[in-house]
Every structure is written in structure tokens, then in C-alpha cells.
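Let me begin by presenting the structure, written as C-alpha cells, before commenting on it.
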């Protein structure tokens, strides 16, 4: 049955885009309608199915309070509602649109498989109710599906993808938009702005929370962090970004993950402060921009190849790898008790803070998938369940890169040596000592091999759980056998 709609009213459905600045769906809605209602639909059972970290949910909850205030300044009320999972979303949207007498729902596109299926179902349900549904490109600087080879195919390798991305961007720069102007009025009934469970305690909407208060959520602090990085730190980014004891990275990934900050805002800021960034590709500003393009690459991949967001490796023959099923070894990796100091420090940082330095993500992922030969999905799941910046495209892309199962991945015969990595990127053990207190007394000379120190017997720290040289050879052999088996049919 068609809805009785007010032609001046619409809904904006917020998902992973919790901002008013540079929000395509919000901007278009405000341009076309005089009365707008915003809605955020929590799905606790879906969060659990997706291993969403409690710290990220707390981060989202806190950011929604800021978003509510920002929208109120635009005369737009924000309704926060909870349904079980994605399957329940379409009916709820139809009901809300009927109650609000809205004839149009706007949202920004998400590329993940389950989210795409949810949006298809929502579109069908809304169409049957006579309600328009606009899903807009917003997540990427350059929309998925627009960066293609000369044959019209998606790129499978990063370097040519980046080359084409830069060519298109330079031809038509996609820069950040400002927030929409305030609407003249809000004719919304106050009940449409009600919030579910405003004092959550240890859980919110039945989902457990972890403290995210180390990460500010107000607009001014987020914007200042971006600009301060672009002005004061990005010049040294290329030299400093791999050293976890140094504040050499932007730490903006949590804001990008929930959409409190857009990739376009990041690109716009870097080009505003460093207009020649695209030309000087060996300098810090471009090196950081390159990380934004990697982020785009992984989003374009999950759009073009849905299997990678459906628990499948990108390289099909790697399905044949005989991964180990060792719960005890997995637990030691998870808890930071491997006997490899840089790995343990990184894993403890993740568990304590909900964040891990990018170089350490590569080291720990390589250790799990190559030294322990444990399936990359176990690591992907652990990271998602703990990271404040958990993001399927980037997390999956990073894990498949490390495990040599993904597109443009680390070749399977190149295996990180965790001890060598520690010596290179934490030479004096400053980061290690921050997180592995048992090694406080170990001299610098032995901090990466504490079991070789004469006082090792007095340490409450385990010896290395594997022989890296042997584990490396075993991993290479496992991949060789998998490839041979696949080729043999």
C-alpha cells in the first residue's frame, strides 16, 4: 500500500557516516526537502555476527551524541532506534517513513556484502510502499566501479590502480563539501527525536561496551587533529610512520571507520596545506595520501569482488592451504605470550587500547599466518572484535595481504622475521618495554632476544613458541603444496 506522504519531508539514514560536513546524503536531502528527519538504526545481533568491537560501539554511541547536537543546529532531529539485525531494517524504515509521512529516504552507499543485501531489501520494501530510496556514493573519494583498466575491468594490483586513481583525481578533483545550511524550521514531533537507552552503563542496546574515552568525538578536536597532522607532522611521515614508539602516524583511522571524518576531508586538507603533494611522490604528504588510496583500493575490491567480504580468499588456490587448528597457539598470540617481544607488545597494545600501529599489524598478522600457520580468518576476527577502527575492507585487505591470499599480496615465500622487524622498527625496545613489563630489566642488546640474556631465567616471560627459521620453511612448503594441489585439479 502506498504511503500518504508529505512532499516536503524526507529521512536521512545514517550508517558509517556520522558527520554533517561532507555528507552527500545529508547535503542532497537538505537541498531537496524543507523538513528532514535523521535516523540511526542500531543492529546489536548484526554487530555480534560481524565481530564488532565493544570499544567501537562505545565510540559510535558517543559520536551519535555529538551528531545529534550538530543536526539540531540544522533543525534536524536524530532518532536512534534498535532492531535485531539487518533483516529487520527494511520493515522498520517503512514504518518510520509512514509515521513521519516521508516520501523519500536518503543514505550513503556501503560496499560490504551484507550491507548491500540489506539495502537491496530496503529498496524493495520502500518501493512497494511508494517511497523513494536514494543510495549515494560517498565513502570513497572516487566511487567504486570508476577506476578500471583499459579493458573495463577492476584493477587487481595496487600500483596501476593508484596511477589511474591519480589521473582521474587530477582531471576532476573530488574535494570535501561543507555542511548544509540550517533548514528554516523543524515540524517534527518531539517523539521522533527520542533516543533508546541514553544511560547505557556497561552495555548499550544489549551490546557490551568498552571504554573509548581516549578518543575524543567532538568536531573541533577531530578537525584540529587532521589539520595539526597535515601542518606539523606529515612532512616526516615517510620517515617516521613505521616506528611504533614514535607518534609518526595520524591516528585518524577510528574517525574514518565510523565516518566522523571522510576520506575527501583528508585529501582536501593535505592538498590545502601541501598543494604540490601529488607531484612530490617521495615526500611525506604523498606517502600519507598513498595510504588513503590503499584504503580506496580495498573498498573498490570488495565492491568488485564480493567474495572477499564473504570469508573467501581472493586467490582461489590458497583455499588448499593446510592451516593449523591450534587453539592453544592462537590463544598465546591473542594474549601476547608468544615469546617474540615485538609481537607480544603489539598484541597487548591492541587488547589494552583498541588500536595497533600499522607496521605492527603487518608483523603480528605475518606471525599468525606464517610462523603459526593459523588461518588468517582467526586473526581477522580477533582484530575486528578489538579494534576501535575496525573496518571490513581495510582489515580483510590487510590480513589477506599478510597471509598471501589476497590481491597484490605479500608473496608466500616472503615471510617477516619478527625479531628482525623488532630490531629495525623498535631498535632500543622502547615500545616493547611500554607493553611487556616483564622485560624492563633486559639490556637493549637482548631486548629482541631476551631468552639469550644471561638473566633470562629470572624473567617471567616465555621463550619463543616456535623456531622462526623452521616455521618459515614449513609455511612456504604448505603454500607450495596447496598451489600444486590446485594446479593438479
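Each Cβ is built from the backbone N, Cα and C atoms, and glycine gets one as well.
Listed in TrEMBL for this protein:
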BINDING   237, 249-253, 288, 291-298, 389-391  FAD binding site
COMPBIAS  174-184  compositional bias 'Polar residues'
DOMAIN    8-141  domain 'Photolyase/cryptochrome alpha/beta'
REGION    174-202  region 'Disordered'
SITE      323  site 'Electron transfer via tryptophanyl radical'
SITE      376  site 'Electron transfer via tryptophanyl radical'
SITE      399  site 'Electron transfer via tryptophanyl radical'
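This view paints the features noted in TrEMBL onto the structure.
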residue	record	Cβ contacts under 8 Å, 6 or more apart
237	FAD binding site	248, 249, 250, 284, 285, 287, 288
251	FAD binding site	225, 355
293	FAD binding site	158, 161, 162, 165, 166
296	FAD binding site	140, 141, 142, 147, 165, 263
323	site 'Electron transfer via tryptophanyl radical'	373, 374, 375
376	site 'Electron transfer via tryptophanyl radical'	313, 365, 368, 369, 399, 400, 402, 403, 405
389	FAD binding site	56, 253, 254, 256, 257, 355
Tally of DSSP helical, extended and coil residues in the domain 'Photolyase/cryptochrome alpha/beta' (8-141): 66 helix, 30 strand, 38 coil
Other C-beta atoms that fall within 10 angstroms of the C-beta of residue 288 (FAD binding site): 25
Neighbour tally for residue 399 (site 'Electron transfer via tryptophanyl radical'), based on other Cβ positions within 10 Å of its Cβ: 27
Where residue 323 (site 'Electron transfer via tryptophanyl radical') sits in the secondary structure, as DSSP reduces it to three classes: coil
